[in-house]
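Asks: According to TrEMBL, the protein has these features:
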- B:1-12: compositional bias 'Polar residues' (COMPBIAS)
- B:676-687: compositional bias 'Low complexity' (COMPBIAS)
- B:700-711: compositional bias 'Polar residues' (COMPBIAS)
- B:1-20: region 'Disordered' (REGION)
- B:659-729: region 'Disordered' (REGION)
- B:119-141: transmembrane segment (TRANSMEM)
- B:208-226: transmembrane segment (TRANSMEM)
- B:307-326: transmembrane segment (TRANSMEM)
- B:346-366: transmembrane segment (TRANSMEM)
- B:378-397: transmembrane segment (TRANSMEM)
- B:432-452: transmembrane segment (TRANSMEM)
- B:493-514: transmembrane segment (TRANSMEM)
- B:537-558: transmembrane segment (TRANSMEM)
Amino acid sequence: MGGSGSRLSKELLAEYQDLTFLTKQEIVQAHRRFSELLPRDKQNVEDSLRERVSFEDILSIPELKANPFKERICKVFSTAPSRDSLSFEDFLDLLSVFSDTATPDIKSHYAFRIFDFDDDGTLDREDLCRLVNCLTGEGEDTQLSASEMKQLIDNILEESDIDRDGTINLSEFQHVISRSPDFVSSFKIVL
Amino acid sequence: MLHQWSAQSGQTPREPGHLPESEDLWEQEMEWLRASREPLRSLPYAMMDKRLIRKMREPEGMQMTRWQCWQQKQQTMGQRLGEVARRLAWGFGLWKGALYEIGGLFGSGIRSYFTFLRFLLLLNLLTVLLTASFVLVPLAWLHTQGPGPTLNFTALQCPGSHQAQTYIPRFHNQLWNVLTGRAFNNTYLFYGAYWAGPESSSAYSIRLAYLLCPLACLLLCFCGILRRMMKGFLRRPGLGQDYGVPLSAKVFSSWDFCIHLRDAATIKKHEISNEFKVYLEECRRRQQVQQDTPTQRACRLLSYLRVNLLNACLVAGGISAIFWATKYSQDNKEESLFVVLQYLPPGVISLVNFLGPLLFMFLVQLESYPPSIEVNLILIWCVVLKLASLGMFSFSLGQTMLCIGRNKTSCETYGYNACDYQCWENSVGEELYKLIIFNFLLTVAFAFLVTLPRRLLVERFSGRFWTWLGREEFLVPKNVLDIVAGQTVTWMGLFYCPLLPLFQSIFLFLTFYIKKYTLLRNCRTPPRLFRASSSTFFFQLVLLLGLLLAAVPLGFVVSSTHSSWDCGLFTNYSAPWQVVQELVALRLPLSGQRALQYLSSHAFGLPLLWLLSHILTVCIAQSQANARAIHVLRKQLVWQVQEKWRLVEELSRLLQEPGSSESLIPDSPRFRASHPRFSGPGFWSPGSPGPESPARDPSTRTPPWLSSSYPGSRDSPGPRFRFPSGTEL
């Protein structure tokens, strides 16, 4: 759909540029992709800014389809009361955090929230166990055995739990992540 | 506003005695947000909250002064310019789509090879730009043309039947002329065609420009490589314990969010699983090793030594083969029948570098090294072999042409082998030119004559041999070493062949597309992926070594060898560096000359050295003190957390005494809920787990706030901090 009906206004673009790390082209592209997920009759500008897209539709975009953390990503960025849908601004927030120019601090902050499967503000043993299972997949030959998992998690906690309370809180996580030069380049999603 | 919010969402229950406390904390938070100057985009909140914070920072009623308006405008403009400059520096977005595709399919490890290619292309183009603007353009402007060769050769006593040639013979075939560089002999590609009149005190000195250009280019490349190397390497100072990346950091950053194909995701999961299993295996092995007896340890050390000695012998054998091949090729240069001799040195170098890694792999795998050490060891030996072969090649060239390391009568009169080489710089340039062309032709040949047929045959036939053979693996280290070797040769040739970076740029440009085609069509991913970060550091390190290897002969040639008497810019000087001294005497005022003399004397060098070592000592002492402080602080942190829980238990014990009817015991969810703890700006974290002492195994507890009586857990597992927005109130 061409024409001014599907274009964002200049002020809105400038505001989004101010509030996110995205460039103008990236915001326009994001808007286009988001509108494609909405039903046909709601693809104009006003509705697209108001409507929410359910998780099934968001998870069908190719950039997220193969990601083992896709449900967690959507849940973390969703601002709906029942946390089961994303608005356009949530989508922009998502892309902003995963963009090229986002600071490592904000990336590690959101990475922590994504890995915190039970949303209790710390990474405890269950969170780490689920994290490792997501990373290694569901296959028989790739899953770690119980003893291997325990040994791995023991090692992780040994290294990163500085205050020895059995969990990793946000500042410990950010401290550990800062030792990994890989993190910033791999924590990226580009449309 | 805060009171209404807490009542609205029902997350903090109405405990009159405790609300003011939580309100205090919220207010502190809001105050901090209002006062901080951090840009909105880097705050970890949702968009509507960021709008609220912005409104808080600049309430509508306030009139911004003109100065503030202008300041803000300048700031945004500066930000935009910075973004544009950063995008330019990243290569004008060259090949962005292709890199994105490769990253999505194969992960960021293999993509790092292609970004490395782009980086080298930019370096070469920068070099060409510098050379063109400082040497070629002035030369073309001044339109100087030198006289032909004038040297009288009858004064020389040339041994044997070698007659000094007054012309360079050409091959009959035009293609051979191009491939060996003889077609370009009198063009600006090679050193010999440059000519300039005697130095004067006012004209532009082509000699100085020609001399300083390679040095400046090498320095720029050095700075660029160093900067790129250090950029991602150590973001913040480590804990001082070890320099490796800890396991937890690896685990948290192991998923590559760029992958968007299901097959690639499956492969990545396999890899990650392998990596974890290998790591656990190594831990177990390390524990086993620590329990070895001294004799077992000695045996193991001896076997490691044996393998490394064997590898060293292989390297020595390889480079002596290169030495003899170069000598043979140079001694039989002019026999027009054996044109293949022209390409003998590059051929032998490539053969040695092809067989070497295979033999290294075979020998290293005979011992039982842990897998990571095995890979690193093979890699180190490959790098050593590659750089040593290039070093030996340049040394043997130096020996034949400049009689380095041996005494020969033909070198005595002019300082170089004038009998065989009328213009030795041109010969060196030709050799390096042939090496670059050969490398590129080999890349093309391998891509189209080996990898492509292999893929076609494997797809066609299904015998056991073909399934075992499979498609070729795209080995990142091997490919990186190849282009680093090519770049080292380019840098070596900067003085003899100033336009060699132009050829290298064209070859790199074509190599990108060839390798991309090979990767996407004919290759499969290796089972062991290279991590993007360690690869970046490794590539830059090897490139740096190559640069240093290229800089050493250049420094030697510039400062102590006699240039040809017959061709080029430095015909009347005993060494090219003499030009600088002559120009300094001609053009600088006397005070300037004295200052320069002082700077290059011992009286300046020794105090500078003393000062630098003093600074170094202070830095080392400071870092040691910091490590000690970190150690003490860690212990203090652990002690404080233990102390905190001990006090909580003490409090609960006191409160449980008869007479207190309030159920404010630590197990009550309401107690937990009314004392929220923050672990960062705006991030609601109910805090560390339960009131049990940390010595007990925390995995068996059930957090009380996740039980159904906790108000926040009714619909979603945890509360999400949000500022109240207009739509909700």
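Count begins at 1; order follows the chain as displayed.
Note that Cβ sites are derived from N, Cα and C of the backbone, with glycine treated the same way.
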Asks: Mind checking which residues of the chain, 6+ beyond the ends of the transmembrane segment (B:307-326), have their Cβ under 8 Å from one of its Cβ atoms?
Replies: 344-345, 347-349, 352-353, 355-356, 359-360, 363-364, 366-367, 381, 384-385, 388-389, 391-393, 395-397, 400
Asks: Between the transmembrane segment (B:537-558) and the transmembrane segment (B:346-366), are there at least three Cβ pairs closer than 8 Å, leaving out pairs fewer than 6 positions apart?
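Replies: These two stretches do not touch.
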Asks: May I ask whether the transmembrane segment (B:493-514) has at least three C-beta pairs under 8 Å with the transmembrane segment (B:208-226), counting pairs 6 or more apart in sequence?
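Replies: Touching, yes - the transmembrane segment (B:208-226) and the transmembrane segment (B:493-514) meet the threshold of 3 or more Cβ pairs under 8 Å.
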Asks: So which residues does the transmembrane segment (B:493-514) touch in its own chain, when a touch means Cβ under 8 Å and the partner is 6 or more beyond its ends?
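Replies: For the transmembrane segment (B:493-514), the list is 95, 98, 114, 117-118, 120-121, 124-125, 127-128, 131, 135-136, 188-191, 210, 213-214, 217-218, 425-426, 428-429, 432-433, 436-437, 439-440, 443-444, 447, 483, 486-487, 550, 554, 557-558.
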Asks: Is it the case that the transmembrane segment (B:432-452) and the transmembrane segment (B:346-366) touch, counting contact as three or more CB pairs under 8 Å in which the residues of each pair are 6 or more positions apart?
Replies: yes
